[in-house]
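Q: Straight out of TrEMBL:
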- 26-46: transmembrane segment (TRANSMEM)
- 66-84: transmembrane segment (TRANSMEM)
- 91-108: transmembrane segment (TRANSMEM)
- 114-133: transmembrane segment (TRANSMEM)
- 154-175: transmembrane segment (TRANSMEM)
- 187-206: transmembrane segment (TRANSMEM)
- 279-296: transmembrane segment (TRANSMEM)
- 308-327: transmembrane segment (TRANSMEM)
- 347-363: transmembrane segment (TRANSMEM)
Amino acid sequence: MGFEGDEESAANQVSTTSRFRYNSPLVQVTLIGLVCFCCPGMFNALSGMGGGGQVDPTAANNANTALYTTFAIFGVLGGGIYNILGPRLTLAAGCSTYVLYAGSFLYYNHEKHQAFAIVAGAILGIGAGFLWAGEGAIMTSYPPPHRKGTYISLFWSIFNMGGVIGGLIPFILNYNRSEAASVNDGTYIGFMCFMTLGTLLSLAILPPGKVVRNDGTRCTNIKYSKVSTEIVEISKLFFNWKMLLIAPAAWASNFFYSYQFNNVNGALFNLRTRGLNNVFYWGAQMVGSVGIGYILDFSFQSRRKRGFVGIGIVSVLGTAIWAGGLAKQLGYSHNDSPPKLDFKDSGSAFAGPFVLYFGYGLLDAMFQSMVYWVIGALADDSEILSR
């Protein structure tokens, strides 16, 4: 007991000397940002190429169906698993499934059998449930209460940078292959290297009891309930009228990824241009989240007024962007695909679809950030908000 007291005293003494301590919330949140940079960030870049980088998107579509089916289940159970295994094992187990998923498309490059990709997608859905449950627990418990917004912004900036860098990988490696249909092996190997690095970085995440904030407090006051309790409490939310009003926004939040990646970026642009487009798509996400975040937090003194203004801006912008998308979509179909556009050779014909795809990325971040802000305005308790 005396040793534990000495250890805590020593931790408190160094707690204010540097915010860059290994056991500081800033370093730990940065680490989880880097983990997501390497794993889901690279997954976003891989998905954003359209069809997982393949000429035929069927395998990627089926893999994503399996992925989100298991993700929907283990997204609920992930919190309980995190409580049992702790952050390191939970995150490492989740990150390793991203490596397997990228490897399945490397295999598909040589053997056109989609069964491996579908199974890998289902396993990734389980791993993604682990990863995002761990990430959510860390983001709600490690930062000091008055700096959570800043830390969340830091995390999302690092995370989305993964999509930007990930977009550069296929762009550079396939730059001289303007007529190529599927990405080369080096592209998938590059993604796998980043994802493996993310898995190793996850082992550096400290449990809450070892994280010391600058004021000397620890994160041990954060407590998590049992899986059975969470299932009951989450089930109750399906009868909460406020959450029911948000349900349409939840349905609208992720449905468009397969369309935008496979049937816009994948259908309209050649291989190297798709990589370039992804750099700007995920870069637009960073711009959009910062822009709508400023409006929702600082534009007016009244939070209610800020909310209405933010929702209005997103509504107008969303309607305009999707109207542009509809106008473009009416010009082609699965059976009547247009010639592939190239950022160097297509001239002015490239500009319109590129701006549209950039707008999709901008709107995605603004819409999702707005919905998170609205949910955050419904309660102050982190346990309720996490559900």
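Backbone N, Cα and C atoms are what each Cβ position is placed from, and that goes for glycine too.
Show me how these features fit into the shown structure, please.
A: The list of residues near the transmembrane segment (26-46) in space but at least 6 beyond its ends in sequence, with Cβ under 8 angstroms from a Cβ of it, reads 19-20, 52-53, 91, 94-95, 98, 101-102, 105, 124, 128, 131-132, 134-135, 138-139, 142-143, 151, 154-163, 165-167, 169-170, 188, 191, 194-195, 197-199, 201-202, 204-206, 211, 278, 282.
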Q: Output the single range from 114-133, 154-175, 308-327, 347-363 maximising the number of Cβ pairs under 8 Å to the transmembrane segment (279-296).
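A: Looking at each of 114-133, 154-175, 308-327, 347-363 in turn, the most contacts to the transmembrane segment (279-296) are made by 154-175.
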Q: Counting Cβ pairs under 8 Å that are 6 or more apart in sequence, does the total for the transmembrane segment (187-206) and the transmembrane segment (308-327) reach three or more?
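A: The answer is no, given that the two segments have fewer than 3 Cβ pairs within the 8 Å cut-off.
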Q: Counting only residues 6+ away from its ends, which parts of the chain sit with a Cβ under 8 Å from the transmembrane segment (114-133)?
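A: Contacts with the transmembrane segment (114-133): 35-36, 39-40, 43, 52, 58-60, 62-79, 81-82, 90-91, 93-98, 100-101, 103-105, 107-108.
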